[in-house]
Amino acid sequence: MAPAETTGNVQRPEAGKQSMGSFWTQMFPPKPTYTEEQVPDLTGKIFIVTGSSSGVGKEAARMLYAKNAKVYMAARPGPKLPAAINSVQEAVPKSGGALIPLELDLADLAVVKKAVEKFTSLETKLHGLINNAAVQALKDTDGDARTAQGHEIHMGVNVLAPFLFTRLLTGVLTATARQEPPGTVRVVWVSSMGTETIGEKRRGLSPDYVDYWPLMSPLERYGLSKAGNWLHGVEFARRYAADGIASFPINPGHLKSDLYREGGALFKFALKPVLYPPTYGAYVELFAALSPTLTLKDSGAWSKYVEMVYFPDC
C-alpha cells in the first residue's frame, strides 16, 4: 500500500512492514500441532462462535460440540444456520453438548444488541467467545455497501459490530471469570495477515479511517478492518486482564471458505495454491480459546497458526 497518496486534505496512511519470515510462515504454515485431539472435555462449558453457519466457524463449533460443550452458533437469519446445526449434529451424533441457534446480523447494531439480550436471558455464564464472522466485499469498488447504521461495510461488520457484541457480553464474561481459573475465560478476535501488510504503522487502525477509506480498494478496506480486530484484541486484553479474562487476536490463515465468494476467477485462481481446509483455521481458534500453554501473561499476543505467539510491529 502506498504511504503517501493524497486527495484534498486526506492522505493514505503509512502501512506497517511485514518481515519476510512472517510472510513466508503465514503463506505456507507448518503442520498443526494443536488439533481437536488436544481439546479437553468441555462438559458444562458455554461458547459463542459467530459466523458459524459455514467454513471455519462451523468447524470450530463442531469441534467444541464434539467435546460436549454447549455452543451458541451465531449467524445471520436464514436457512444456512439450521442446516449447519443439523450437519454438525449428524457429524457428531453422540455429543453430550448442545447446539443453540443465535440469530446475529453484524450489519445491524440493533440486531447485535438483541442477540446479546437473547443470550443473557438464557445463560449466566460464557466461557469463550470466538469473534469469527467477517465480510469481504470485493465487488464494492465504489464503497456503496453500508450497514443499517450507514457505516462502510467492512468497518461496520468486521470492527464495530464485534466490538459492540463483545462489549455487551463483557458482564457475563467477567462474572464467569470470577468462578474459573485465571485466563481460562477467553475472547478470540479473528484477524488476518492484513494486520501486518495493510494495517496503519504503529496503530493498526485509527479514527482517521472514516476520512481516508474512500481512497482504499475493497481488499485494503478488508485488511484494515482486520487490523481493527487485532487492535480490539490487544486493548481488551489490557483492560480485562485484572478480571481474569484472556484475549487473543489471531490469524487463522488462508482458508477455503465463503469469505472469497465475491472474488473474481483470476483472484481465486491465484489464491488456490495457498488455501487450506477450514479445519486448519478452526485449530487456531481453538488453540487461542483453549490451549493450556497460553496464560494471562500471553493475553493480547498475536497468534498465527498453531503454537506461534508474538507481538507484531504494526
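Glycine is treated like the rest: Cβ placed from N, Cα and C.
According to Swiss-Prot, the active site, proton donor annotation covers SER191, on the basis of similarity to another entry. Residues annotated as active site, proton acceptor in Swiss-Prot: TYR222. Residues annotated as active site, lowers pKa of active site Tyr in Swiss-Prot: LYS226. The NADP(+) binding site annotation in Swiss-Prot covers VAL56, LYS80, ASP105, ASN132, ARG167, TYR222, LYS226, and the record cites similarity to another entry as its basis. The compositional bias 'Polar residues' annotation in Swiss-Prot covers 1-10. Residues or ranges marked as region 'Disordered' in Swiss-Prot: 1-27.
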Quiz prompt | Most Cβ neighbours inside 10 Å, all chains, among the recorded positions ASN132, SER191 | solution = SER191
Quiz item: Taking each of SER191, TYR222, LYS226 in turn, which of these active-site residues have a Cα lying within 10 angstroms of the Cα of LYS80 (NADP(+) binding site)?
Solution: none
Quiz item: Whose Cβ, among the recorded positions VAL56, ASP105, ARG167, TYR222, has more other Cβ atoms within 10 Å than any of the rest?
Solution: VAL56
Quiz prompt | Most Cβ neighbours inside 10 Å, all chains, among the recorded positions LYS80, LYS226 | solution = LYS226
Quiz item: Three-state secondary structure of VAL56 (NADP(+) binding site) from DSSP?
Solution: helix
Quiz item: Using Cα-Cα distances with a 10 Å cut-off, which of the binding-site residues VAL56, ASP105, ASN132, ARG167 are near LYS226 (active site, lowers pKa of active site Tyr)?
Solution: none
